[in-house]
Amino acid sequence: MSRILVEDDNATPFHSMEIISSSLTLGQLLKNVSDVRKVEVGDETPVHEFFDRDGSSLDGDNDHLMRPVPFVLSFNNLTYNVSVRRKLDFHDLVPWRRTSFSKTKTLLDNISGETRDGEILAVLGASGSGKSTLIDALANRIAKGSLKGTVTLNGEALQSRMLKVISAYVMQDDLLFPMLTVEETLMFAAEFRLPRSLPKSKKKLRVQALIDQLGIRNAAKTIIGDEGHRGISGGERRRVSIGIDIIHDPIVLFLDEPTSGLDSTSAFMVVKVLKRIAESGSIIIMSIHQPSHRVLSLLDRLIFLSRGHTVFSGSPASLPSFFAGFGNPIPENENQTEFALDLIRELEGSAGGTRGLVEFNKKWQEMKKQSNPQTLTPPASPNPNLTLKEAISASISRGKLVSGGGGGSSVINHGGGTLAVPAFANPFWIEIKTLTRRSILNSRRQPELLGMRLATVIVTGFILATVFWRLDNSPKGVQERLGFFAFAMSTMFYTCADALPVFLQERYIFMRETAYNAYRRSSYVLSHAIVTFPSLIFLSLAFAVTTFWAVGLEGGLMGFLFYCLIILASFWSGSSFVTFLSGVVPHVMLGYTIVVAILAYFLLFSGFFINRDRIPQYWIWFHYLSLVKYPYEAVLQNEFSDPTECFVRGVQLFDNSPLGELTYGMKLRLLDSVSRSIGMRISSSTCLTTGADVLKQQGVTQLSKWNCLLITVGFGFLFRILFYLCLLLGSKNKRR
């Protein structure tokens, strides 16, 4: 038992009492108290009581306001079929005997059931039985039109937008930011999901209460951790994942295998937490692989599936009588679910499959209905004609479903009435601020990532500076400058490839958070760009300072500043391009392969290896799409734009030809002969090639260096927009 001390705004104790586990929801506390201080007198996780500001408990005349609002979730005849590719055989090669190359596979076949608030419904079965598919169907994560059947809450069909607000879905994998502490992780979830109108102190209060409810107080200040950083345990990670999705105290909670990969003790602790959440007034529906005896004692309803069919549906207590009636009684002192799953696997491997068990379950369900005609209906409420809209509103008034907000709302017609459903808890700029702060905090605790990238850029710049040290104004110097610029500009893009795994690592976090409107996709895209940009500035300055003066580039201070700008623009467009690809490709290795290949094509068509005028017409479009082309042409113009600078004088005319091996005297005589032949006096000091001539020879004549800079920056914005469209169209998080 724990003792909760409730205080007023002046921190003066005004009421103190011991709290029992049957008290009301945590959400109620947010509206009615200012602070909560826990004094441990045991190891039981505290549950909070509901108090008025004057310190008295709300009872008596107001008791009907606090009476639990009943919810019953029912699903009937859920059927889900998918088309799968069929293996080709010899007959498919014969035109007149060719059949369809796909066949229909049934993942769910007329699945029905129901559960209510305060209960845990567990879906069991072997791998491939349809557990996760059923959870996805109930959570509206299957595309509309693909799923047949109905899902209702209190007898009324659930609209997609309504379900988003009143429910939460916990994925099987614990995808969390590794360098955030448990407390920070839950606090960011509170900032995303709880309304802006709720003071930050109340949000902190909600987080602290949730930490106690999840039983992770000792790990509150510990980072989540990953392979390279020691953090919390697997069971604690799972409870944090659950906490993120129940921060707003949802009415319905879906979980996909919450005990997967955990030892028996950790699994029991997780389900024990779920039981507390259910007792606070939530409906818990989860899939589970093979629960232990202790876990089974916490479950209220079970559904066993076998290849999409229901083979058992009922309470755990009815398992022995069910299998005894089927002719396979469960031995004493044996785990009932293990016995049931072993029997189902054995039947699946037999000739008749589980058809007999499916039919027996149907008869057994009919016998139950005949012996007990009372269906699962809500108990009497203050208003027996309470609609779903009114029930949800009443639940919100009790403190359940702490969400809503200032970010705009949509009105849903439901059951003859309307209910304002908030689209987002926060306005656009608050989302950007919070997302940016979270990313910076997570990245700041991993300085080695920026350090390694900065070291790579500096080392690359140092190698280039020493290889192309102090280039002179000669024909060879011109060719070496061209090689330096081509390699340097392509390096800007290749070093951006490390941005690829960033979003791929965050993909499922992003999908989980946006699935329930934690924030807008546009907010994420802008925040991602804001967090990325400062590091690009450091990288640009590091490379520019390392190479500009060492290589001996022209232009002075203004030339250096433009050199910095075009490098920054190259980093920006390269980072945006790789970020866009990260929203398209599903795997890191595939992404790296695509990035390397496309950047190689960009370099090929940049104009360094082959001039624009010599590129075949059917490939010229790739030249204009090349990201390397524009920064390459910009630095060429920055270097060769001075009309007084000469790069080929007199006898240097022969340097890039076999005649370059001749002695200086022979070159002078040859130059004199050339002068007489063309009728023009050419001395050893005559300028034959200026910077403008070099640009013309390279085909750099269409755009100014500032236009090239703007186009490079524009490419960066274009790929950010394309990244947003990928997130908008490709992250619906639904099966088809």
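The backbone N, Cα and C atoms fix where each Cβ goes, glycine too.
Annotated domain 'ABC transporter' per Swiss-Prot: 88-332, in sequence order.
In this structure, Gly125 (ATP binding site) belongs to neither helix nor strand by DSSP; it is coil. Taking Cβ-Cβ distances under 8 Å and a sequence gap of 6 or more within the same chain, the neighbours of Gly125 (ATP binding site) are Lys131, Phe304, Leu305, Ser306, Leu341, Ile344. Residues annotated as ATP binding site in Swiss-Prot: Gly125, Ala126, Ser127, Gly128, Ser129, Gly130, Lys131, Ser132.
Taken from Swiss-Prot, the feature transmembrane segment covers 410-430 (among others), and the record attributes it to sequence analysis.
Marked as domain 'ABC transmembrane type-2' by Swiss-Prot: 430-640.
Listed by sequence, the residues of this chain that lie at least six past the ends of the transmembrane segment (449-469) yet keep a Cβ under 8 A from its Cβ atoms are 443, 480-481, 483-484, 487-488, 491, 495, 498, 535, 538-539, 542-543, 546-547, 550-552. Here Swiss-Prot flags 449-469 (among others) as transmembrane segment, drawing on sequence analysis.
A Cβ distance under 8 Å defines the sequence-distant neighbours of the transmembrane segment (484-504), meaning residues of its chain 6+ beyond its ends; these are 449, 453, 456-457, 460, 464, 468, 471, 510, 528, 532, 539, 543, 547, 551, 567, 570-571, 573-575, 577-579, 581-583, 585, 587-588, 591-592, 595-596, 599, 602-603, 606, 608, 627-628, 631-632, 635-636, 639. What Swiss-Prot records for 484-504 (among others) is transmembrane segment, and it gives sequence analysis as the kind of evidence.
The transmembrane segment annotation in Swiss-Prot covers 525-545 (among others).
Feature annotation from Swiss-Prot assigns transmembrane segment to 569-589 (among others); the stated evidence is sequence analysis.
Residues annotated as transmembrane segment in Swiss-Prot, with sequence analysis given as evidence: 590-610 (among others).
Below 8 angstroms of C-beta separation, residues 510, 514, 521-522, 524-525, 529, 562, 565-566, 569-570, 572-573, 575-577, 579-580, 582-584, 627, 630-631, 634, 703 of the same chain, each at least six residues beyond the ends of the transmembrane segment (709-729), sit close to that stretch. Annotation comment: Swiss-Prot describes 709-729 (among others) as transmembrane segment.
Each of the binding-site residues Ser127, Ser129 was scored by other CB atoms within 10 A of its CB, and the lowest score goes to Ser127. Each of the binding-site residues Gly128, Gly130 was assessed for Cβ neighbours inside 10 Å, and the highest tally belongs to Gly130. Gly130 (ATP binding site) falls outside any helix or strand according to DSSP and counts as coil.
For the recorded ATP site, residues Gly125, Ala126, Ser127, Gly128, Ser129, Gly130, Lys131, Ser132 set the reference point as the centre of their Cβ atoms, and the other residues of that chain within 8 Å of it by Cβ are Thr133, Ser287, Leu305.
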